[in-house]
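Trainee: Take a look at the following structure, please.
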Amino acid sequence: MTGRARLVLAALMSHWRRRPLQLAMLLAGIMLATALWSGVQAVNAEARASYAEAADRLGTGTLDRLEPAPGAVLTTADFVALRRAGWIVSPLVEGRLRAGEGRVALLGIEPATRVALGPAEGGAVAEGDLLAFITPPGLGFADAEVIRELEGADLGGLTVAPREGLPPDTLVVDVGIAQRLLNLGERLTALVVAPEQPPGLAPLEQVAPHLLRKAPQDRADPEALTGSFHLNLTAFALLSFIVGLFITQSAVGLAFEQRRQVVRTLRALGVPLAEVLGVMAAELAILALVAGLAGILLGWAVAAALMPGVAATLSGLYGAEVSGALALRPVWVLSGLGMALAGAGLAGARGLLRTARMPLLAAGQARPWAVAAARGLRRQVLGAGALALALPLCLAWGGLVGGFAALACGLLAAALLLPVVLDAGLRWLAGRVRGVLAQWFVADTRQQSGGLSLALMALMLALAANIGVGTMVGSFRSTFLGWLDQRLVAELYVNARTEPEARAIRDWLAPQVDAILPIWSAEVPLRGQPGRVFGVVDHPTYRDHWPILRARPGAWNEVARGTGVLVNEQLFRRAGLSLGDSLDLPGGALPVVGVYSDYGNPSPQAIIGQDLFDARFPEAPRLNQAVRVDPDRAAALAEALRDRFDLPGSAVTDQAQVKAVSLRIFERTFSVTAALNVLTLGVAGIALLTGLLTLASMRLPQLAPVWAAGLTRRRLARLELARTLALAAATALYAVPVGLGLAWMLLAVINVEAFGWRLPMQISPELIARLGVAALATALAAGALPALRLARITPSQLLRVFADER
Amino acid sequence: MSSGKAEVVSARGIVKAFPSAAGPVAVLNGVDLALRGGESLAVTGESGSGKSTLLHLIGGLDVTDGGALAVLGTDLRTADDRARAALRRERIGMIFQQFNLIPSLTVAANLAFQARLAGRHDPARVAALAGALGLSQLMGRYPEQLSGGQQQRVAIGRALAGQPPLVLADEPTGNLDEATGDAVAALMLDLVRQQDTTLVLVTHSLRLAALCDRQVHLHAGRLA
């Protein structure tokens, strides 16, 4: 930068020294926008890194696996046979282990053969630990968090030692120990295949024809499953970013207006226009970098606060394990700085353009915002119209991205129309109010609404997002509760550790209860997606309560006879099925006879009759069952079961416990969304404060004559506050239909795309009323300081409006 | 007057019109003007007669529609925006009716501003100018803390601090009361003469015009 450019920069930046509050608002805008964006990006980056790390550590990342074909079983004998045939494979056992109320992932490996697969694979076990690792009761490794969770769990004498760098929420043990802990007998989950195999091997079809070789891309990918969740977070972050940008735009726009005369003077004194523009852009970049760095630090704090909730959500909803801790990743730091620069550039572009077009010799008065905003109204209508036209195109484009793009179009169109609607409303009101003060109040509000339009748009977006997401979550919650009531009809749920134990439990229970309903399932690909098939016995529990959405007459009879299959809504919608369509299953296709709602997971599921299930999936584990019994006897029976079979407390759960756990998972799932909602509203509040504070300095010429005409400063301050509240109330009113439209889009478009289910919308007047109060409180908080400053302004400051020296 | 000195401003048949709803309105309609180094010229005329327009054209703030105009050897018909900016920055001092100080800079920083832009900053000279203009005690203040007369003295100091060969003053006393205006004008002319600087002064005031070496009257777009 030349000395002259530095001088010009110093002259321009000296503006901020005289207006520290305005500078603080500008920095706050960029900082908040960057913080929320980079915070969510940090969460996403951490989650993705966890998926990748887990995939690598489990040998699922880059290596092929041998897995049993549907209905078949993989055992230690297969491993031995393949090794004898020369195949370089390593056995793997994967499962979930109960630890207190939660579960941890259990990973069984065979250290000797895993070393052959690469350094990372055998890295968990050091040479000195090898003997203890493979010798019962065994030595396991986990991170400190998992060790804490496992305290008190019955691990059959297993010692668990801390080890860094393991997949999150995972206990790593020897494969034999894992089989024992999971009661799998000789069964294995998979065999990991080394990429380099000796030449002349006997083909897999010959050695183990019941095994399938799967490449990494054929398997369920947690990143794909959780993609919609991360997209949802990103959409929220983008919304917050836009709201933050409104603050920046507000402060930058004002700074450009206030410095028009300085720019003219600089040019009159011989500074070329290009240099003025270059220096202004450099000034903005410097401010954006400073605020962006602060935003990234704040984003780090936001991410650290959100991360445990996100980890719980991903684990509860998708079974994807993500560390609750946060690591510094360059990706999101750079993305945050990039967004800060891009955002500041976007906010300053209009000012720079106007500076470039500003005639050198025009009058030197700062142009009132109201005038500029009034001229922009027509353009805003045109912009809103274009966005409204783009909305159906985005919907037609389809997919989750199309859905979010349609949402963005709708929200931005509504935001652009807000100042137009407010102006029209005030114009209408102006012709109807009586009394000189009321007329002045309305006229002045109309003039000021232009200057506040960006802040009001930010408030409207935040309120609409709150109403939309709140309505969506509320609808989901009440539907989910109803669904839980339908799905969790049985009084007790019993999980046995072994099949003999399960048989013994059933035998013991049979004479004492009304019914025992097996909950047995097998993992099966359904229409190309990893899914699960359940068997059900023919019982009124299902016929009377199961949450059927649509079914052929006599559907349950067909299921019981083994001539029909029920599918969950997500499979039905994603596969584009119709009733009567055929669904491929191991052992032969069956016609779809009904659809049921399933809000417990995003994966496809199907239900067939128990007899058919037994015939087609003889090797499926038969451990879990539901028990129908007189509700008054349930607690005593549960206690007796635990005593009789020495079952851990968590093996026998009653309906209320399962519902409570399900609800807890549900609440955690939306805790992150709720936190982002509150943050967005907070940012909108700051946007309003920024707008009011920056406008306050320009309002004196409008207020001084009214003061001189006989209104006290205190009364003027009250009127200013009333004006802010009135504008906020009108904005909140406008946000209601926008928010409900957003809720509809979330329920009818986004949820269907993301999860495969569609929920009925349930409007909550209480939620809307609460947010209306929140909007007024936000406006009150934002309007209080400028009003207070006006009430305390000195007469000399007001008189300067009339003085020549001004 | 120093007739042997080089020509600082040379204008031949300058034409300038501004667009209006009723079509272009001619403001200058063939203005001829020649000004030599060290000369002071007062341009008078009614409101809207084109006085300020002529000054803006000489300062390269605007461009002529026709005629020939050279200032300090620069042909302003052909000079681009960058060249005109360089001329103003390095060789012309400008004084405005509205003072046009940079409100966020102190008096000291405003005084030195154009000299620093031109790369000719001399702190001793700025201090001497401040003393001569009666601003020494006000150097740490901001423009809004000054009276109109004080602000205009800062503007005069800013224009002269870089010792430009040409100063253009547009109604420099128009915003001041009579007594203050007279004092400021006398100070300005005194300093201009001390520096042997050429001055073009646009004013309504015949009394102020009389203090200059030459006077021209602009009427119907022509000099009389």
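Using the three backbone atoms N, Cα and C, a Cβ is placed for every residue, glycine included.
TrEMBL labels come from automatic prediction, so no person has curated them.
Pasting the relevant annotations from TrEMBL:
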type: DOMAIN; residues: A:235-358; note: domain 'ABC3 transporter permease C-terminal'
type: DOMAIN; residues: A:454-642; note: domain 'MacB-like periplasmic core'
type: DOMAIN; residues: A:677-795; note: domain 'ABC3 transporter permease C-terminal'
type: TRANSMEM; residues: A:235-256; note: transmembrane segment
type: TRANSMEM; residues: A:277-307; note: transmembrane segment
type: TRANSMEM; residues: A:327-349; note: transmembrane segment
type: TRANSMEM; residues: A:404-430; note: transmembrane segment
type: TRANSMEM; residues: A:451-476; note: transmembrane segment
type: TRANSMEM; residues: A:674-695; note: transmembrane segment
type: TRANSMEM; residues: A:724-747; note: transmembrane segment
type: TRANSMEM; residues: A:767-788; note: transmembrane segment
Trainee: Which bits of the chain, at least 6 residues beyond where the transmembrane segment (A:767-788) starts or stops, bring a Cβ under 8 A of a Cβ in it?
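Mentor: Hits for the transmembrane segment (A:767-788): 459, 463, 466-467, 470-471, 474, 681, 684-686, 688-689, 692-693, 695-696, 717-718, 720-721, 724-725, 727-729, 731-733, 735-736, 739.
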Trainee: By a Cβ-Cβ criterion of under 8 Å, what residues six or more beyond either terminus of the transmembrane segment (A:235-256) are in contact with it?
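Mentor: For the transmembrane segment (A:235-256), the far contacts come to 15-16, 19, 22-23, 25-26, 28-34, 36-37, 39-41, 280, 284, 339, 343-344, 346-348, 350-352, 354-355, 369, 404, 407-408, 411, 454-455, 457-458, 461-462, 465, 673, 676-677, 679-680, 683-684, 686-687, 690-691, 694-695, 698.
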Trainee: For the transmembrane segment (A:674-695), which stretch among A:277-307, A:404-430, A:451-476, A:724-747 has the most Cβ pairs under 8 A?
Mentor: A:451-476
Trainee: In the same chain, who gets a Cβ under 8 Å from the transmembrane segment (A:327-349) while lying at least 6 residues past its ends?
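Mentor: Apart from its flanks, the transmembrane segment (A:327-349) reaches 29-30, 33-34, 37-38, 41-42, 44-46, 49, 241, 244-245, 248-249, 252-253, 256, 280-281, 284-285, 287-289, 291-293, 295-296, 299-300.
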Trainee: If we skip the immediate neighbours and take only residues 6+ beyond the ends of the transmembrane segment (A:277-307), which ones have a Cβ under 8 Å from one of its Cβ atoms?
Mentor: 1, 5, 8-9, 12-13, 23, 26-43, 46, 252, 256, 324-326, 328, 332-333, 336-337, 339-341, 343-345, 348, 351-352, 355-356, 672, 675, 679
Trainee: Could you give the residue numbers and ranges of same-chain residues that sit at least 6 residues beyond the transmembrane segment (A:724-747) on either side and whose C-beta is under 8 angstroms from one of its C-beta atoms?
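Mentor: Sequence-distant neighbours of the transmembrane segment (A:724-747): 403, 406-407, 410-411, 414, 418, 421-422, 425, 445, 449, 452, 456, 459-460, 463-472, 475-476, 688, 692, 758-761, 763, 768, 771-772, 775-776, 778-780, 782-783, 787.
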Trainee: Quick one: average pLDDT across the domain 'ABC3 transporter permease C-terminal' (A:235-358), no decimals.
Mentor: 81
Trainee: Tell me the residue counts in helix, strand and coil for the domain 'ABC3 transporter permease C-terminal' (A:677-795), as DSSP assigns them.
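Mentor: So the domain 'ABC3 transporter permease C-terminal' (A:677-795) is made up of 102 helix, 0 strand, 17 coil.
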Trainee: Where DSSP helix means H, G or I and strand means E or B, what are the helix, strand and coil counts for the domain 'ABC3 transporter permease C-terminal' (A:235-358)?
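Mentor: Helix, strand and coil residues of the domain 'ABC3 transporter permease C-terminal' (A:235-358) number 107 helix, 0 strand, 17 coil.
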